[in-house]
Amino acid sequence: MFSLFYGLWKYVFAKDEFRVLILGVDRAGKTTLLEKLKSIYLKGEGLPPDRVVPTVGLNIGRIEDAKAKLVFWDLGGQVSLRTIWEKYYEEAHAIMYVIDAATASSFEDSKSALEKVIRHEHLRGAPLLIVANKQDLPGAIDEEELAKFLHKELDERPYTFQAVSAYDGRGIKSGIDWLVEQMEKSKRTETLQARAGVAGQI
Ligand SMILES: Nc1nc2c(ncn2[C@@H]2O[C@H](COP(=O)(O)OP(=O)(O)OP(=O)(O)O)[C@@H](O)[C@H]2O)c(=O)[nH]1
Ligand SMILES: [Mg+2]
């Protein structure tokens, strides 16, 4: 009887947990953004930008919003580290792809790295949030300009563009809200949950 009530309670109240992979080329601002996310959702726990160093391994951040628990995996974007990205694809519910919108010289590299990410079969159907970071800097291009630049690269998965600043936090909550909404209704989420259920029974 207890397990029946517990099961019902869990069904009604327990929050889903989603894994979001943060990708993008080096210096796009992924780790700074993750730290800002933590400081927004965990009330001051994130590192300030001057304590962030280039990523070599994996940074993990956990937050909880009103609807879901989110686990972020932040990987290094240097060319030699990008081969590691695909090891995380199969388990990710969604992708947050970060672009330094204020540095035009990085755009082509960002575009071709994104193209590879999108083409990978292990990410089929994963919702994609493309973040135009560093909006606090003069000359940063906005969502529309970035969308025009990347337009042809995108396939039929759910995707959107969001202008943000990892320094002042603008746009971050809207981006997370979109991601959660997409992951909740995503077919990929169903597939990952079914797979986890089967693994749990073995
Ligand atoms: N002005 C401004 N600078 C930013 C912003 N986000 C990141 N930066 C700066 O950009 C640089 C790179 O930031 P990181 O967070 O280390 O970039 P990353 O994408 O994690 O880089 P890798 O770990 O090497 O892949 C640092 O000097 C940050 O302070 C932003 O929103 N605005
Ligand atoms: Mg980093």
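Backbone N, Cα and C atoms are what each Cβ position is placed from, and that goes for glycine too.
In TrEMBL, annotation is done automatically, which means it is predicted and not curated.
The GTP binding site annotation in TrEMBL covers GLY24, VAL25, ASP26, ARG27, ALA28, GLY29, LYS30, THR31, GLY77, ASN133, LYS134, GLN135, ASP136. Positions annotated as Mg(2+) binding site by TrEMBL: THR31, THR55.
Close to ligand 2, meaning a Cβ under 6 Å from one of its atoms, are these of the binding-site residues ALA28, LYS30, THR31, THR55, ASP136: LYS30, THR31, THR55. In the three-state DSSP scheme, THR55 (Mg(2+) binding site) falls into the coil class. All protein chains considered, the CB of LYS134 (GTP binding site) has 25 other CB atoms within 10 Å.
Around the Cβ of GLY24 (GTP binding site), 27 further Cβ atoms fall within 10 Å across all displayed protein chains.
Recorded residues THR55 (Mg(2+) binding site) and ASP136 (GTP binding site) have their alpha carbons 22 Å apart, per Cα-Cα distance.
On its own chain, THR31 (Mg(2+) binding site) has VAL52, VAL53, THR55, ASN59, ASP74 as residues at least 6 apart in sequence with a Cβ closer than 8 Å to its own Cβ.
Spanning the residues GLY24, VAL25, ASP26, ARG27, ALA28, GLY29, LYS30, THR31, GLY77, ASN133, LYS134, GLN135, ASP136 that the record associates with binding GTP, the maximal Cα-Cα distance equals 22 Å. ALA28 (GTP binding site) is surrounded by 26 other CB atoms, counting those within 10 A of its CB over all protein chains shown. For the binding-site residues ASP26, LYS30, THR55, GLY77, ASP136, the ranking by surrounding Cβ atoms (within 10 Å, all protein chains) places LYS30 first.
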